[in-house]
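One structure below.
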Amino acid sequence: MGNCCGTAGSLAQNDNKPKKGRKKQNPFSIDYGLHHGGGDGGGRPLKLIVLNDPTGREIESKYTLGRELGRGEFGVTYLCTDKETDDVFACKSILKKKLRTAVDIEDVRREVEIMRHMPEHPNVVTLKETYEDEHAVHLVMELCEGGELFDRIVARGHYTERAAAAVTKTIMEVVQVCHKHGVMHRDLKPENFLFGNKKETAPLKAIDFGLSVFFKPGERFNEIVGSPYYMAPEVLKRNYGPEVDIWSAGVILYILLCGVPPFWAETEQGVAQAIIRSVLDFRRDPWPKVSENAKDLIRKMLDPDQKRRLTAQQVLDHPWLQNAKTAPNVSLGETVRARLKQFTVMNKLKKRALRVIAEHLSDEEASGIREGFQIMDTSQRGKINIDELKIGLQKLGHAIPQDDLQILMDAGDIDRDGYLDCDEFIAISVHLRKMGNDEHLKKAFAFFDQNNNGYIEIEELREALSDELGTSEEVVDAIIRDVDTDKDGRISYEEFVTMMKTGTDWRKASRQYSRERFNSISLKLMQDASLQVNGDTR
């Protein structure tokens, strides 16, 4: 969805090559002209009216807004208390200045319309009232205090196939009621489900209908929306219907059982190609421990042929869900829980920043790491391979699964020679040991912020990564898109610190990302052989 206003300069016509000292147009800072440049003929800007029939105009006449509960791309969710009854709710305040396009505005209108249209359901959050003032649209909703789906799974020490079956059954019941009432959700993902309260028996509730649409039987859609890892192949092909919700639920089920998405890559084009190919991998841990019934259901939910894909009712009728209470109750292992907690793949900016921090480590900080490297380097070559890394980490008390070890190796192996040299190992150690204190991070940020204005801008990022292997415009754009959470087209120190401390998490993917980038990527894929569907290792 929408981006921030203003541009950062422009390129001369027919000159597409970035040059030193010359600003390239900032593709992440776009002026859509909805908030200025228009008017009533007298120089006064037109007022933006979003809702057709809000409950009222002044939310504070009835409610007291309290602490912040969450923050998204378009606004903030607050704790909200009814002044008369003291009942508590959640208030989702959507800032009008963030609604940059007609599509953004229509999404908000439709979200309200759909939530009003949906029947009361124990697993769908209830919309109580709506307000609209000059600055924001306020949606007063049922309060869900139990936290996110994945967070609760991680908090439990014991995670099983039976628990995954119970969650999947709930999600599919939500999909079923949506489809029964002519609503296609289009953005099913774990973050859009919250537990109603903190009790163990709390209901799981769908909370976000911002990308949902009404549909009629047989109606086809072509707009690319959703979150990249959960998109069905037919969305990328621009010809889809409600079957996309079954696919997204299948992706969630896959993640619930193994901790990572089935279709993953480091760039958005790679993600799109993986989705189109639809190759499932049931060989790595913990899949050998997962029942055949569960794997059979995943195959049928993630069938690339939408005509063969199961309906919501057929999923609920599948033996694995029919017998959810008797599904295996054996722990799927700490690996899955750890992956759900954070599946981190470092982007090139983070890799470079880790090397800068490594270069600034004191002798005392670095010496212990170097000693560890020398112990691992049994062949005395000055570099270690993945086997030496595994043995060395085991000696140091780190038992890392083979798949995650390969991810770590790939992240650290900057020159792609299949080995880690001492400097690469130090950078990885900084990441593993969370050694990036404030002083280290400030030095690393200053390395990129060449003009000392407090931001890493596109040109500075491009220049800093110019000597990195595989750094294309697409990679630079993807870094900005991932790290620049306020969408002003540059990376602040706070955004940089967040990236360094949490990594690039596949769970966080904005609507902006999918709408603007996947539109062009789908066109590109339509023109090459990427649309051919291959077999899988199921």
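Placed from the backbone N, Cα and C atoms, the Cβ positions cover glycine too.
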Which listed span Swiss-Prot calls region 'Autoinhibitory domain', if the choices are 141-171, 203-233, 327-357, 420-450:
327-357
May I ask which of the recorded positions Asp187, Ser227, Asp417, Tyr419, Ser492 is closest to Asn451 (Ca(2+) 3 binding site) if we compare their C-alpha atoms?
Ser492
Select the closest residue to Asn453 (Ca(2+) 3 binding site) from the following recorded positions, measuring between CA atoms: Asp187, Ser227, Tyr419, Glu424, Ser492.
Ser492
For the recorded Ca(2+) 3 site, enumerate neighbouring residues of the same chain (Cβ within 8 Å of the Cβ centroid of Asp449, Asn451, Asn453, Tyr455, Glu460, site residues themselves excluded), in sequence order.
Phe448, Gln450, Asn452, Gly454, Ile456, Glu457, Arg490
For the domain 'EF-hand 1' (364-399), what's the mean pLDDT in this predicted model?
79
How far is it from Asp417 (Ca(2+) 2 binding site) to Glu460 (Ca(2+) 3 binding site), counting Cα to Cα, in Å?
27
Which numbers of helix, strand and coil residues does DSSP report for the domain 'EF-hand 3' (436-470)?
18 helix, 2 strand, 15 coil
Just checking, which of Asp187, Asp417, Glu424, Glu460 (recorded positions) has the fewest C-beta atoms within 10 Å of its C-beta?
Asp417
